[in-house]
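What TrEMBL records for this protein:
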type   : residues : note
DOMAIN : 14-93    : domain 'GIY-YIG'
DOMAIN : 199-234  : domain 'UVR'
DOMAIN : 250-487  : domain 'UvrC family homology region profile'
REGION : 444-463  : region 'Disordered'
Amino acid sequence: MPPSLKTQIAILPKKPGVYQYFDTSGEILYVGKATSLKSRVSSYFTKKSQLSPAKQIMVAKIARLETIVTANELEALLLETTLIKKFHPPYNIVMRDDKNFLYIKIALSEKFPSVSTVRKISQDNSRYFGPYVSSASVYETLRVLKKIFPYKNCSNPPEKPCFEFHLGRCLGHGTDEASIKNYQEVIKGLIKFLSGNTKEIEKNLQTQMQKASVDQQFERAALIRDRLKAINRLMQKQNVILTNQQNLDVIGYAMSGSLAAINRLVIRLGKLMDKQTVLLQHVKDQKPIEVLESFLEQFYALCPDMPDQLALPFNLKISKALAKILNARIFTPSRGRIKKILKVSNLNAEEFLRQQKASFEKDDLRLSKGLKQLTSALRLATIPKRIEAYDVANIQGQHASGSMVVFSNGKPDKKSYRRFNIKTVFGANDPAMLAEILERRFSHTPSPQKQTSSELRAQSPRSSWPLPDLIILDGGIGQLNVVRQKFGPVFSIPIVALAKGGHQNLPQQADREKIFLPSQPAIKLPNPSDELFLIERIRDEAHRFSIAGFHKKHAKSAIRSVLDDIPGIGPKSKKLLLNKFGSVKKIRQAPEADLAKIIGPKLAQRILTNL
């Protein structure tokens, strides 16, 4: 144990909190929570033999630790969950693709509440439903619900009825055509439906349809009839599986090697509302109880749609903090209908895990073949374990942004991705921008000129960026030549440029894909082939990451150009305004009194005058 680490542990408080372990290069290894930081952290070093083999390897890598003291165990659990989701440490059990979970948000604080999908819950007086694992099913459900409940999906209702109003998919919010009361009834109905209470909705719509027919409002009656049909289509997917109208989540489980699958059956008022399956990674050497507990902490910590009961595949000792979050009756069924449902959930988890493992094995085989074939095609000395790809994005030189993406053993290593703001190149000059990016990238390692890769690695300090085995530039011979001239004729790291062209799935464009090599004719890879799939995947990821950085920079610049030109509006005032209103357009439309509450009457008047 490093002396500095020993000193840190000696002075740790006996208070609840979160601890983070880091290796010598500063990479996070593990995030944990504790009721007593001193006792918990010390146990890793005083009771090594009781740790799993994976945790013993982790302890040997720990170079330093950071701790955050919390007020209680519950706060520690919530903070731990947030940090695991943010960093995905290699020794934590993590949910794969958890950043893609969707929530349905109903903004109840608005006069006419809007309905949208979000990936993060905010404390903003909104009603949230979810999380949903399948975004496709969420969008399809909302598409149908829009026909049943004509909610608004525009943030700023227009002064006149919009096209959606004329199609019967909107009440004309913000006009004389709609009242707040009518719209509130729509939102109440939507909330009831998403909560599983569909019978009341159907009964209400049938009453409205009959009344419209009696009043000879045949168009309205037909519209309500179509809404009832849409409800019936959705209801076909929601089978009644419990007759006593329980609100229950059934959790199925399967585990194999370093992967585990959790299946969640969402039952509301006795109906199966949703089926979700989540994949967990880094579970090797972990006990099933630890895996399940980790899932419950990470998934339900931010789950707004909590059940009254939770059926688990085996008995689990729940901590006080987790029990407070779940706030539900937790049990393991031993017989009856719920036991049978749990068996189905377990089978779902097992089948999902089998399919995922088969898919991963197929992908790994393809990547392995692609790397070997790419090594041969580019005449590399060794298989490139670390590949770096570079791209730039700009509009005629404006808002120029560069990117570096890293693939380790053929897979994206997103923790190593980097963005670069172009500082020395002005105007549209992509080759010069790439040269600047590479120069700045290699400022983090010894110079790559006139040295072999082994010599470079010997000089490279542990804190520097690892050296690549292959560099890919998004561009053609022009980009390659400028970079070569910048670093000189002797460049120990292999570097190639891939010209933009059609995707391999479009054979008519495949002849435009060329790989340019230094002092050699351009080559074309076989199409289709594993090596072409790999190199295009890397190039496309570099392009995606670069474009995302450009859009972010462009949007930030657009905000700056409008607000920063107003005298008296500094960074703090700008942040307050944007946090409250969300956009310059909404700031412009806000009443002066609302602006004055945030930044004072003088600045409020000045903003409205300038905007």
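Including glycine, each Cβ sits where the backbone N, Cα and C put it.
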Exercise. Counting only residues 6+ away from its ends, which parts of the chain sit with a Cβ under 8 Å from the domain 'UVR' (199-234)?
Worked result: 141, 144-145, 147-148, 168, 189, 192-193
Seminar exercise, completed: For the domain 'UVR' (199-234), the DSSP residue counts stand at 33 helix, 0 strand, 3 coil
Problem set entry | Local confidence of the prediction over the domain 'UVR' (199-234), expressed as mean pLDDT | 81
